[in-house]
Amino acid sequence: CHRRLYDLSGFVRLHPGGEQLLRRRAGTDVSAALDGPPHRHSENARRWLEQYYVGEIEPGDEQGCAAQNPAAAAQLCAWYWDGLWVPQHYNHCLLPQDLVDWQKPLLWQVGYLGEKYDEWVHQPVDRPIRLFHSDFLEFLSKTAWYVVFMVWTPVVLYLSWVSYTSLAQGNTRLFSSFTTEYSIPIHKYYFPFIFLLGMILWSLLEYLIHRFVFHMKPPASNYYLITLHFLLHGQHHKSPFDSSRLVFPPVPASLVIGFFYGVLRLLLPEVLGLSVFVGGLCGYVIYDMMHYYLHYGSPKKGTYLYGLKAYHVKHHFEHQKSGFGISTRFWDYPFRTLIPEETFKKED
């Protein structure tokens, strides 16, 4: 048996290059394609592929290959039966011995990894994660994508109406706490622009949180900071396609959202702060929906979302220290964290 066989049926819809690209190459040798162009696959991508390895076959003699060495076929987690290779738990059985016990909650284990944590957490796997022993806490830590939309969209609509009608009363003035003579009236017609300002501020906040909080490198000797990092974001990098952990659960999200609302109330007049806040909240909802789509959607090649999906997957699999923009790449430009474009030498 000389050729390695992979079953990508569980990954085909998630492929950053598109589902059709993988289907066109089904049953073919993709060794050269892994080196590009158009994309040179990273070490993590090649390691990811090994999760779907089911065995080795010799071209033109698939049945003979399994028949000659049935014991080897069993060890390779696949059997040749009735013209088909049937994988047996193929996505986990060939993985090397991990540093954690996946049969137990991971949150209380990762802190003991120490210096090995940073490398381990940035080697993604295709398997669900359990964080807590408690079923209740585990339930609160997971959510379906549509829950975010259902919970926060009515809040955005209601607070938008409250902000607009409050501004329409004509009592809101900027700098009124410092001076009455030079204070600036805020009319209801300004609401769309204030709302847009809130969305822009959210996009900046999204970048800053992702870069400086989610991608902090906890000290190897600090069990608690490693555990906190894994809870906040490390879990997502370890299992980037765990569909129940791609959006922020409403219960912890409400605490963070409440904090930022309080900050705006302190810095701005009540109605003005609320108007900025609701724009930012809308930006957050769009961000969470886009983040889920970038992992599970199949955007059409050449579209903005297609490029954004490829960009975000590169962040997960190869460029963890850059590419922090999710809903937009804009802030990666001024902060110089843009993922570089790949170049390939032309053959003579």
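Every residue number used here counts from 1 along the chain in the order it is shown.
In case you wondered, yes, glycine gets a Cβ from its N, Cα and C as well.
Pulled from TrEMBL:
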BINDING   H15, H41  heme binding site
BINDING   H210, H215, H233, H236, H237, H291, H295, H312, H315, H316  Zn(2+) binding site
DOMAIN    1-58  domain 'Cytochrome b5 heme-binding'
TRANSMEM  144-164  transmembrane segment
TRANSMEM  189-209  transmembrane segment
TRANSMEM  246-268  transmembrane segment
TRANSMEM  274-294  transmembrane segment
Integer Å distance between the CA atoms belonging to H41 (heme binding site) and H295 (Zn(2+) binding site):
17
Sorted by position, what residues of the same chain at least six away from H210 (Zn(2+) binding site) have a C-beta under 8 A from it?
H233, F324, G325, I326
If you rank the binding-site residues H233, H295, H315 by how many other Cβ atoms lie within 10 Å of their Cβ, the lowest count goes to H233
Contact set of the transmembrane segment (246-268) with the rest of its chain, CB cutoff 8 A exclusive, min separation 6+ beyond the ends, reads 140-145, 147-148, 151-152, 205, 236, 274, 276-277, 280-281, 284, 288-289, 291-292, 295-296
Looking only at the domain 'Cytochrome b5 heme-binding' (1-58), what are its DSSP counts of helix, strand and coil residues?
23 helix, 9 strand, 26 coil
H15 (heme binding site) sits from H237 (Zn(2+) binding site) (Cα to Cα, rounded, in Å) at a distance of 16
Measuring Cα to Cα, how many angstrom lie between H15 (heme binding site) and H315 (Zn(2+) binding site)?
15
Round to the nearest Å and give the CA-to-CA distance linking H315 (Zn(2+) binding site) with H41 (heme binding site).
13
Relative to the Cβ position of H41 (heme binding site), how many further Cβ atoms are located within 10 Å?
17
Residue among the binding-site residues H15, H237 whose Cβ has the most other Cβ atoms within 10 Å
H237
